[in-house]
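Notes follow once the structure below has been shown.
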Amino acid sequence: MRIRLVTVGKVKEKYLQDGVQEYLKRLRPYARVEIVTVPDEPIPDGASPAQEAQVMQREGERLLRALDQGGQEHVVVLDGRGKNFSSEELAAFLAERALHGDANLAFVIGGSLGLDPAVLARAGTTLSLGRMTFLHQMVPLILLEQIYRAFKINRGEKYHK
């Protein structure tokens, strides 16, 4: 299985970078996982709704360019309006994708303003991490941990309780 996290902006905090690297290492036996980062767009202080929409559009264009243009990836966007999966449901989702030969996944993480409608339209699946709001730089770590947990569940290995 090949999994790409396509995300806006670099993870800047060292403790988050360390966590991301730890889960990338833990995932090596299970899947080929990589993180593709596109630059975030500066948000002017006191930005108007039109300026915020323009920021999301520019970031969205970058995200869309980073996705596989050949349609070989199943695109999963993270959005608060998406489907809430339990850890077991995420495990079943990954197993189902692998079973049906759809084993190339791109998880798309937007910037601090969210995702442009054009990116949402590209989604094969829309996933929510829950109703809470997370600092968008934390999302790669949270998502990688959940993907790791899902592989452990699918293999019946000790980790998930």
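Cβ coordinates come from backbone N, Cα and C, glycine included.
Classification of LEU78 (S-adenosyl-L-methionine binding site) by DSSP places it within a strand. The C-beta environment of LEU78 (S-adenosyl-L-methionine binding site), restricted to residues of the same chain at least 6 apart in sequence and closer than 8 Å, consists of PHE107, VAL108, ILE109, GLY110, THR126, LEU127, SER128, LEU129, VAL139, LEU143. For LEU78, GLY110, LEU129, GLY130, ARG131, MET132, THR133, PHE134, the entry in Swiss-Prot reads S-adenosyl-L-methionine binding site.
Around ARG131 (S-adenosyl-L-methionine binding site), the C-beta neighbours below 8 angstroms that are at least 6 residues distant in the chain are GLY80. The 10 Å shell around the Cβ of LEU129 (S-adenosyl-L-methionine binding site) contains 19 further Cβ atoms across the protein chains shown. The S-adenosyl-L-methionine-binding residues named in the record, LEU78, GLY110, LEU129, GLY130, ARG131, MET132, THR133, PHE134, extend over a maximum Cα to Cα distance of 16 Å. Packing around PHE134 (S-adenosyl-L-methionine binding site) is summarised by its Cβ count: 13 other Cβ atoms lie within 10 angstroms of its Cβ, all protein chains included.
Least crowded of the binding-site residues (GLY110, GLY130), judged by neighbouring Cβ atoms within 10 Å of its own Cβ: GLY130.
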